[in-house]
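K.L.:
Structure provided below as structure tokens; questions to follow.
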Amino acid sequence: MAEPSALESKPKASAGGGGGGGGRAGSKAGGPGPGPAPLAGGLSQPAGWQSLLSFTILFLAWLAGFSSRLFAVIRFESIIHEFDPWFNYRSTHHLASHGFYEFLNWFDERAWYPLGRIVGGTVYPGLMVTAGLIHWILNMLNITVHIRDVCVFLAPIFSGLTSISTFLLTRELWNQGAGLLAACFIAIVPGYISRSVAGSFDNEGIAIFALQFTYYLWVKSVKTGSVSWTICCCLSYFYMVSAWGGYVFIINLIPLHVFVLLLMQRYSKRVYIAYSTFYIVGLILSMQIPFVGFQPIRTSEHMAAAGVFALIQAYAFLQYLRDRLTKQEFQTLFFLGVSLAAGAVFLSVIYLTYTGEWHQGWKYAKIHIPIIASVSEHQPTTWVSFFFDLHILVCTFPAGLWFCIKNINDERVFVALYAISAVYFAGVMVRLMLTLTPVVCMLSAIAFSNVFDTRNILDDFREAYYWLRQNTDEHARVMSWWDYGYQIAGMANRTTLVDNNTWNNSHIALVGKAMSSNETAAYKIMRSLDVDYVLIIFGGVIGYSGDDINKFLWMVRIAEGEHPKDIRESDYFTPQGEFRVDKAGSPTLLNCLMYKMSYYRFGEMQLDFRTPPGFDRTRNAEIGNKDIKFKHLEEAFTSEHWLVRIYKVKQLQNRETLDHKPRVTNILSKQKYLSKKVGSQGNYPTKVGSGLSGRW
């Protein structure tokens with residue numbers, strides 16, 4: 001009995017299959033068994049093609065991102081735009097002309113006259129150093145480029161690096177498909193393009209790459225617990241500190257991640273090694289930037305990182321003591337530590353409340369430094385800005401966040417915190433929409449990837465046409481309804497009776513008559529047309545509504561137009577005028593060729609426990625004729641989901657089979673004849689029925 005589980009567990013048809021199709025559902029061409037695991041080293045293996053495809057997609061994403069940012073250069077000229085980029089360009093030009101040491105000690109007497117400005121200690125030098133280094137490398141390679149052109153095209157070039165870092169981070173969080181989608185999204189999302197167009201030589205042009213790459217290396221450090229990965233993360237963090245003041249987002253989000261992992265009881269040695277190394281090395285490296293200096297150990301925005309560092313050391317110490325102290329001693333020490341920590345927090349709150357800093361902290365800049373609030377980029381974000389900067393992704397990224405929370409692990413805790421905090425800060429300040437854009441692209445990619453992964457691809461048509469091409473004679477003639485003629489000719493390369501051209505209505509009507517007639521009458525038509533195979537579409541298993549049963553009445557009507565004496569549409573309806581495939585259906589319908597080919601062996605299949613065997617999901621009815629047998633046809637192929645079924649037309653036998661009939665003897669007339677014959681010879685007894693007479 002054919003069960004749905006059997007259909008789902010059948011192996012796929014091999015590309016080099018051979019042999020004829022059997023009479024079982026889903027019969028495939030035979031092929032070799034599974035070979036050794038694919039190697040990523042060459043294009044002859046699937047992994048090699050997958051790597052090439054991923055590389056191609058990333059390259060195209062980079063190219064699309066780079067090209068979409070060149071409008072101003074193509075439309076006008078290669079020039080620096082806006083206000084801040086001109087200072088950055090002037091500083092970079094000074095760096096390229098006089099060297100890095102002179103740049104760090106540069107006192108600009110032309111600014112803030114008559115006060116002047118110490119430039120080297122009041123800027124984040126990462127942007128200038130990056131552009132100057134690229135300019136130096138190009139000139140060393142004898143590629144003469146002006147420093148202005150390097151500054152103009154720096155942000156578009158780094159947009160490609162941002163796509164790659166986003167791909168790496170999303171791949172670690174979900175899978176490679178989501179990573180490729182995220183790379184494509186961030187390459188063209190308006191919220192990032194606005195800050196990285198050609199000529200916009202500002203810190204954000206390289207900072208988003210550093211932000212994403214630091215997060216990728218952090219996730220990698222947490223997953224592996226490797227000091228090497230953590231050192232790389234610290235170096236990336238150092239580059240981020242040198243490039244943009246938004247590095248405080250990193251130094252607060254990573255401690256928040258560790259703190260939440262502790263609350264969720266997800267502490268591990270991997271987390272301890274990663275954060276302890278990151279905090280110490282990252283702290284030392286960040287203090288090497290002159291503009292940052294001792295801020296990591298003095299300012300409030302860095303205190304959360306120090307607090308979490310102390311907390312994880314205490315937690316690790318408690319884990320160490322747990323195995324070496326009794327339960328009573330451990331509880332006493334624990335409550336003592338908690339009491340001291342609570343007292344310290346309480347005293348801090350009282351101090352901040354007494355000094356007034358607690359209440360004014362959220363609006364300190366607005367009250368005391370109104371110049372900060374006067375900047376348009378520092379204003380709260382309007383709802384319209386979310387849709388302009390993120391487009392449709394603003395609607396899809398909550399789904400990606402839900403999938404991450406539903407399948408939570410250490411790294412997905414990080415991206416959830418990243419999303420929540422970025423949404424909050426983007427709402428507070430429109431400039432920080434830039435920090436929200438990458439995580440929106442990642443979570444939207446996860447949402448789309450999850451949807452694409454759950455789709456069910458029905459490959460029955462291609463599977464059936466491939467079977468026809470590989471397992472039938474190249475001159476075989478296939479009868480089907482005209483809808484599939486072009487595909488059979490193109491994909492299977494076999495002769496068809498009718499196709500989508502529909503130029504000969506009489507020929508189509510003859511095919512419709514064969515489909516509408518009983519098997520014997522249809523066989524005569526097929527023999528006259530030299531048909532070798534019959535192909536039909538059946539959707540009763542999967543609920544496909546475009547199958548031939550639903551088109552059947554059109555076959556009847558077209559056939560009736562040319563053969564009104566043989567085919568009448570009314571014969572296929574019930575006395576109540578219904579077209580039904582169950583027991584109440586018309587006997588003409590239940591015995592026609594199309595019905596029998598569609599439902600052959602279908603009565604043995606029970607699709608689920610709620611429905612009886614032979615339940616048609618498309619018509620929502622139990623078929624009326626389950627005992628279907630063929631005399632002139634045999635099943636040749638049925639696709640995996642029973643969507644395409646192919647039958648072979650049997651050839652005429654060389655010798656006609658004569659039915660054996662016993663010889664009939666008229667006993668009464670023979671007895672009368674024998675009695676007369678015996679009477680003339682005398683009264684001798686005779687054998688009755690032997691045909692002979694004789695004496696005893």
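Just so you know, glycine gets a Cβ as well, placed from its N, Cα and C.
Not measured: the values here are computed from a predicted model.
The region 'Disordered' annotation in TrEMBL covers 1-40. Among the features that TrEMBL reports, compositional bias 'Gly residues' is placed at 15-32. Among the features that TrEMBL reports, transmembrane segment is placed at 52-74, 118-138, 150-170, 176-194, 244-264, 271-291, 303-321, 333-354, 383-403, 415-434. The domain 'Oligosaccharyl transferase STT3 N-terminal' annotation in TrEMBL covers 53-443. TrEMBL lists 478-534 with the feature domain 'STT3/PglB/AglB core'.
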K.L.:
What average pLDDT is reported by the model for the domain 'Oligosaccharyl transferase STT3 N-terminal' (53-443)?
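P.N.:
Its mean pLDDT is 89.
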K.L.:
Per DSSP, how many helix, strand and coil residues does the domain 'STT3/PglB/AglB core' (478-534) have?
P.N.:
33 helix, 7 strand, 17 coil
K.L.:
Do the transmembrane segment (52-74) and the transmembrane segment (150-170) share at least 3 Cβ pairs under 8 Å, sequence separation 6 or more?
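P.N.:
Yes, the stretches contact each other.
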K.L.:
Hey, which bits of the same chain come close to the transmembrane segment (244-264), Cβ under 8 Å, at least six residues off its ends?
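P.N.:
Those are 124, 126, 203-204, 206-207, 210-211, 214-215, 218, 222, 237, 271, 275, 278-279, 282, 286, 296, 301-302, 304-305, 307-309, 311-312, 315, 410, 413-414, 417-418, 421, 425, 432, 435, in sequence order.
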K.L.:
What parts of the chain pack near the transmembrane segment (176-194), using Cβ distances under 8 Å and only residues at least 6 beyond its ends?
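P.N.:
Same-chain contacts beyond the flanks: 54, 57-58, 61-62, 64-65, 68-69, 159-160, 162-164, 166-170, 208, 388-391, 393, 433-434, 436-438, 440-442, 444-446, 448-450, 452-453.
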K.L.:
Within this structure, do the transmembrane segment (383-403) and the transmembrane segment (271-291) have 3 or more Cβ pairs under 8 angstroms, counting pairs 6 or more apart in sequence?
P.N.:
no
K.L.:
Give the nonlocal contacts of the transmembrane segment (118-138) in its own chain as ranges (CB under 8 Å, at least six residues past its ends).
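P.N.:
Those are 88, 91-92, 94-96, 100, 103-108, 111, 144-145, 147, 150-151, 154, 201-203, 205-207, 210, 239-245, 289-291, in sequence order.
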